[in-house]
Structure formats: C-alpha cells, structure tokens
Amino acid sequence: MILLDGKGTAATLRMGLAVEVQNLSRQIARTPGLAVVLVGNDPASQVYVRAKEKAALEAGLNSMVYRLEIETSQKELEALIDKLNADDNVDGILLQLPLPGHLDSQACLERILPEKDVDGFHPINMGRLALGLPGLRPCTPSGSLRLLAHYGLNPAGKKAVVVGRSNIVGKPLAMMLAAPTINATVTVCHSGTKDLGAECREADFLFLALGKPRFIKKDMIKEGAVVIDIGINRTTSGLCGDCDFEDVKDKVSAITPVPGGIGPMTIAELLFSTIQACKWRNQL
Ligand code: NDP
C-alpha cells in the first residue's frame, strides 16, 4: 500500500514555488500578493488561515490577512472586497468560509473579481471549468489531482467515483476528472444515492468528500483501489477522514492519510493559483 503523503509532497512543491515567486517578482518589479479575509473566530477557520498565511510567507508572497470582527456587516465586508479588487498589489483574494450566518457568502464570492478569485468559486470561474476554458480552479480538487500526478497515478480510462457534490469540492472535482485532460469515467454520489457501497465498489479511484467520520469501510471498496480521502472531521479522538483508514488500509493500493493528505495540498494549490492569477493579470 502506498501512503500518498500530501504533507511531504506539498512541502516539495512549495520549495519550487518559492523560486517561481522570486522570478516573477523580478519580472513585475513587485511581490505577488495574496489577501486572505477571515470574519469571526471559528477555530477551524483560524487554523486554516494561519496555515495559509505561513505557506504564503514561506513562498515569498506578499501575504495580507484581514481578520474582521464577527459583527462585521455585509456592507463592510463588501467594501473590503471592493478595496482589494481595486488594489494592484493584490493578485489573489480568498474569503475564508464559512462566514457567520448573517453574511451572504454567495454575494461576497461573486463580488470578488474573477481574475483574483484564487479559490475558483466565482460563477465565471466555475463556468469556465464547466466549459473546459482556462481559469482559476478550486484548490481542493486541483490539489487532489496534483497529488495523484505526483505519484504517477493516472485516472485516464479508469472508473472514478466522487462521493459528495458540493460546489467547493465534489462538483468541481467531478468536472475536472471527466475533462479530456484527465479522461476518467466519473460517477457522482450524494445523499440521494440508492446504494453507495455498490457505487464505491466500482471505483478504481475513490474520492471521498462527504464529511462523515470513518464512514467508508472496506466492504465498500474495490480491492486495489486508490482512495483520496478529502474529508476532515473533528472527533473526540482527533482529526479523521471520511474513510476508516485502519479498516481499509490492507485492501487499497494507495490512500491519503488524514491529516497530512489533501489538506496541505489544498494550501499549496492556493499558492499555485495566486502565481497563476498574477501571471494572467500581468499578461505573462
Ligand atoms: P458538504 O457538506 O458541503 O457536502 C457533502 C456532500 O456529501 C453533499 O453533496 C452530500 O450530499 C454528500 N453526502 C453526505 N452524506 C452522504 C452519504 N451518507 N452518502 C452519500 N453522500 C453523502 O461538504 P464539503 O464538500 O464542503 O466538504 C466535504 C468534506 O471535505 C468535509 O469533511 C470537509 O471538512 C472536507 N474538506 C476538506 C478540504 C481539504 O482541504 N482537505 C477542503 C474542503 C472541505 P447532498 O448534496 O445530497 O447533501
């Protein structure tokens, strides 16, 4: 069984990115900038934002983190997004989700300029993904595919099953897998799927993004499958994925750990996106 080490892979990728940031900074005579906006004090979001800030700084990006009070109004948040949209030193804007309940996430996401939308959640970028046009892509699906590529695991011509159809993970991942660039044959499962086990047992590549701790057991997995566990679940015994790692580990050919799998890849992907956004904005 191959343990797909996202933490180590992301660290290697980030070193290469630091060199790219240096070169790019010379070309554009400034440092590419990433602005991260966090509203409120959700503990998990605070951890994610700190990790993103650290990775951005280590890669040599101009990292700007805006920590706003939980009482921030829609108008105030939109004013900040407008300011960042207009700031030429800002190449990427990431709005950390979830937002406090009184704020309209969709309206805020749509307010970010598509060319600075490094999370790839703007309808323009999702539409470009659906149409197979270049654009900024959601980081978790991209990071999952980059990890597979790093290990030489190619889903082309294979059966891929994606469990979960959220706008941020399952849906864009399914679109990317089915695109001619990857060429997998894709099934998408959700809470309306009749027999989840039967669908998962068909998968050569099984992508889990349902957010249910240790839900997928070995009787739901094909012998020799590659399992990409995207779930991050907080339990009393710590973080775990959507898959019961101990139960399935002797049946799979490769699997991501949680933590240390897709989480760090997602953060590395945010840096890739920022560099890409900066290049496109500068016609490079
Ligand atoms: P959502 O809750 O938005 O979506 C979950 C999806 O799973 C839904 O489509 C839901 O179906 C489906 N689902 C839930 N239960 C079942 C079930 N029993 N059988 C089949 N399908 C089911 O979650 P997200 O996509 O935002 O996140 C999924 C997981 O990934 C979470 O654990 C999250 O923490 C993690 N995550 C990890 C990231 C990383 O960097 N590694 C980044 C983002 C998320 P339906 O649509 O019918 O409700």
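Cβ atoms here come from the backbone N, Cα and C positions, even for glycine.
Nobody curates TrEMBL annotations by hand; they come from automatic prediction.
Because the structure is a prediction, the values reported are computed rather than measured.
Lifted from TrEMBL, the feature list:
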- 4-119: domain 'Tetrahydrofolate dehydrogenase/cyclohydrolase catalytic' (DOMAIN)
- 138-280: domain 'Tetrahydrofolate dehydrogenase/cyclohydrolase NAD(P)-binding' (DOMAIN)
- Gly164, Arg165, Ser166, Ile232: NADP(+) binding site (BINDING)
Three-state composition of the domain 'Tetrahydrofolate dehydrogenase/cyclohydrolase catalytic' (4-119), taking helix and strand from DSSP: 62 helix, 19 strand, 35 coil
Listed binding-site residues (Gly164, Arg165, Ser166, Ile232), ranked by Cβ neighbours within 10 Å, top entry: Gly164
Per-state residue totals over the domain 'Tetrahydrofolate dehydrogenase/cyclohydrolase NAD(P)-binding' (138-280) - DSSP helix, strand, coil: 52 helix, 28 strand, 63 coil
The domain 'Tetrahydrofolate dehydrogenase/cyclohydrolase NAD(P)-binding' (138-280) [mean pLDDT, rounded to integer]: 98
